[in-house]
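As recorded in Swiss-Prot:
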type	residues	note
ACT_SITE	GLU94	active site, proton acceptor
DOMAIN	100-334	domain 'Radical SAM core'
DISULFID	CYS107-CYS339	disulfide bond
BINDING	CYS114, CYS118, CYS121	[4Fe-4S] cluster binding site
BINDING	GLY163, GLU164, SER195, SER217, LEU218, HIS219, ASN296	S-adenosyl-L-methionine binding site
Amino acid sequence: MMSEIKTNLLDLDRDAMRAFFVELGEKPFRADQIMKWIYHFGCDDFDQMNNVNKVLRERLKAIAEIRAPEVSREQRSSDGTIKWALQVGGQEVETVYIPEEDRATLCVSSQVGCALACKFCSTAQQGFNRNLKVSEIIGQVWRAAKIVGGKRPITNVVMMGMGEPLLNLANVIPAMRLMMDDFGYGISKRRVTISTSGVVPALDILGDQIDVALAISLHAPNDKLRSEIMPINDKYNIEDFLAGVRRYLAKSNANGGRVTVEYVLLDHINDDMQHAHELAKVLKDTPSKINLIPFNPFPGNPYGKPSNSRIDRFSKVLMEYGFTVIVRKTRGDDIDAACGQLVGEVIDRTKRTMKNRMQQDGISVKMV
């Protein structure tokens, strides 16, 4: 006889958790109690919850569990960055912890692999398998907080790990609610950031359901170049994307009225001075601060990192237009934890890895 599948309480945001306990015949406040144990104390053992009566504890042990992804590998960088490979149903996703003097940021994955095939991203070359569940997203935060320890182990969360978060809103939104909930991690909405490559319809849905900080992966100042390095641009071009961003900003209080624009600098591809002028002009109607990200190379990729002088010139052009510009300091590159380097272990349903390998070997995909 098969045992009944237990409910993983990490899959439930506060509303769902309260509904779960009401269905058990309990008062809604029980949900708040349990959430505090899970998220404030990092507890995954019902027996340790000493303000919950024994009858309820025994019942919970029979029908529920608190199960976060387990760490399969840990790497520590010389700069303090930590990268974990976490097991999610026979595959792996990567999560990165970035400590600084005044904050501690966790970079969280939303999918196993990624469906979008951006040319400069290591994750994209692995193809795509599936969306992560709520428990597998908030579970990354839970696991990291438990390992790091301390009173406020994580102050900021960025949904910038593996995957396109807006293609998994059904799970990403409840997970972000838990990050911000006072009975969860209590992180300010200004310190929870979602990043997107431009899934415009989902951006409109996001703005109707939750308010968090927004970052956009732009990476090119015109449609021709952007389509070459980011195929999603063929579906949602720059004009449509930025219009969607402005609609989101009109609904949001978490962004201070402007979006963070991420722009990876690829040597002699998108980093010429004309590109900087183009970028300033294309963003003139969209209040922005710009993060310039020098490319982080990975094996098998044709792109290079620009020289410091090219990066500096590009940055100065944008500042002359009045933009706030930050050149992102590369963190964790000695353990492949920098932007665009996350890989994990993906069973590729899109067969992208195989196609890329065949093309490199001069084999036609159509022949196969």
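We count from 1, first residue shown onward.
Quick reminder: no glycine exception, Cβ is built from N, Cα and C everywhere.
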### Message
Between C-alpha atoms, which of these binding-site residues comes nearest to the residue listed as 'active site, proton acceptor': CYS121, GLY163, SER195?
### Response
GLY163
#### Entry: Average pLDDT across the domain 'Radical SAM core' (100-334), rounded to a whole number
95
### Task
Would you mind reading off the Cα separation of LEU218 (S-adenosyl-L-methionine binding site) from CYS118 ([4Fe-4S] cluster binding site), to the nearest angstrom?
11
### Task
Among CYS107, CYS114, CYS118, CYS121, these being the recorded positions, pick the one whose CA is nearest to that of SER195 (S-adenosyl-L-methionine binding site).
CYS107
## Note on the structure
What DSSP gives for CYS121 ([4Fe-4S] cluster binding site), in three states, is coil
## Note on the structure
Neighbours of CYS114 ([4Fe-4S] cluster binding site) among binding-site residues GLU164, SER217, ASN296 (C-alpha cutoff 10 angstroms), in sequence order, are GLU164
### Task
Would you work out the biggest C-alpha to C-alpha distance among GLY163, GLU164, SER195, SER217, LEU218, HIS219, ASN296, the residues that bind S-adenosyl-L-methionine according to the record, and give it in angstrom as a whole number?
19
### Query
Do you know offhand how many angstrom separate CYS121 ([4Fe-4S] cluster binding site) and ASN296 (S-adenosyl-L-methionine binding site) by C-alpha?
9
### Inter-residue C-alpha distance, ASN296 (S-adenosyl-L-methionine binding site) and CYS107 (disulfide bond) (nearest angstrom)
16
### Message
Quick check for the class: what is the C-alpha distance, in angstrom and rounded, between CYS118 ([4Fe-4S] cluster binding site) and GLY163 (S-adenosyl-L-methionine binding site)?
### Response
11
### Task
Give the three-state DSSP assignment (helix, strand or coil) for SER195 (S-adenosyl-L-methionine binding site).
strand
